[in-house]
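Enquirer: Okay, handing you the structure first.
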Amino acid sequence: AFLLLADNALLTQSRFVLMESQLLLFSVVGLLCVLRFRRPQTVRNHYSLRRWAWLLLAFVCLTLSLCVKYVGFYSWCLGIALVCRDYWRLLADRAVSDISALYHAVLRSAVIVAASLAVYLAVFYIHLVVLNKAGPHDSVMTSAFQANLEGGLASITRGQPLEVGHGSQVTLRHTHGRACWLHSHPHVYPIRYPDQRGSSHQQQVTCYTFKDVNNWWIVKRPNKDNLVVSQPVDVIKHDDVVQLVHGITSRALNSHDVAAAMSPHNQEVSCYIDYNVSMPAQNLWRVDIVNREQEGDVWHTIQSQVRLIHVNTSQALKFSGRQLPDWGFNQHEVVTDRVIHQEDTVWNVEEHRYTKSEDEKERERDLVNAEMI
């Protein structure tokens with residue numbers, strides 16, 4: 001035991017913020033308790049409270065090891081195997097009746113299941129009750145999770161409108177995987193890439209990992225020019241066709257049959273600039289609410305997970321996961337993909353305001369002053 005405690009690997013590991021020390025502690029204590037439970041017993045002591053307390057404590061510890069890291073599941077399975085082996089040995093004992101063997105099976109199963117479920121659910125409950133305040137690394141979690149934390153995103157989203165409509169100012173977050181927001185800025189794609197492929201030379205659209213005023217977009221009906229939200233609100237629903245106008249540059253989200261910069265097998269996404277050439281705007285997007293069975297057909301802030309389907313090409317707006325070079329400020333690439341049903345094509349509205357002014361300068365000033373986490 002002393003040599004184990006003095007092991008260089010364990011000593012070094014304990015100096016870092018790693019979970020292996022706790023994992024080993026709960027695993028070893030749990031297996032020790034299982035061995036104490038399996039010690040040879042007389043028939044009279046099969047149902048002693050002390051013996052069954054060892055089994056209860058064993059699976060409390062083994063489940064805690066699973067809660068520390070999921071690799072603890074192997075220790076939990078080893079504990080199950082040892083208990084099953086002990087029960088197999090019990091079946092060969094002629095002094096144990098069939099009824100008693102059945103009682104043993106039921107009681108062991110009940111203790112294992114009850115202890116494991118109670119501890120596993122209790123750990124989650126304690127986390128959600130105690131850890132309910134915002135912290136510096138919240139952005140790795142989903143918008144829906146952050147909206148339930150005190151002092152963070154919840155302080156902004158609590159008073160914002162729930163339903164997205166014509167004239168809504170929104171930030172669109174990539175829902176699954178890396179946290180980033182649909183973003184654009186006045187810079188354009190280079191005319192030619194290093195491999196001599198050409199681009200549309202339109203305004204860049206990226207996925208930016210920080211909150212920024214250039215993350216704001218305005219949802220617009222194609223047949224309306226006035227961006228001010230009217231009453232009652234013209235809400236956007238599943239399968240509605242919309243345009244997304246960049247809040248600062250006032251250019252619409254667009255896609256053409258042009259290969260993307262870093263993912264040439266996908267289609268480039270841009271904000272449309274009219275160069276008076278034979279390349280008309282293709283800036284219509286169909287709203288596909290993925291979780292409409294739970295959230296309904298109306299596009300909701302935070303909760304609704306949507307795919308934006310490009311009407312002209314039937315491709316979905318996608319976070320490609322690739323990073324743009326210096327000309328794209330090392331931001332992440334956004335493309336469209338004909339494979340629609342994948343996690344990287346899912347987005348959700350995080351921050352939401354209603355447009356109150358038709359004046360472009362005043363609207364831009366409101367966006368610059370908008371509160372963002």
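Here the Cβ of each residue, glycine as well, is placed from N, Cα and C on the backbone.
Look at TrEMBL and you will find 161-222, 233-290, 296-352 tagged as domain 'MIR'. Marked as transmembrane segment by TrEMBL: 16-35, 55-82, 102-131.
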Enquirer: In the same chain, which residue numbers or ranges, 6 or more beyond the ends of the transmembrane segment (102-131), come under 8 angstroms Cβ to Cβ?
Expert: 46, 52, 55-56, 59-60, 62-64, 66-67, 76, 80, 83, 87, 90, 96
Enquirer: Report, as numbers and ranges, every residue of the chain located at least six residues beyond the transmembrane segment (16-35) whose Cβ falls under 8 Å of a Cβ in that stretch; write 'none' if there are none.
Expert: 10, 54-55, 57-62, 64-65, 68-69, 71-72, 75-76, 78-79, 82-83
Enquirer: DSSP-wise, what's the residue breakdown of the domain 'MIR' (233-290) into helix, strand and coil?
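Expert: Breakdown, helix to coil: 0 helix, 26 strand, 32 coil.
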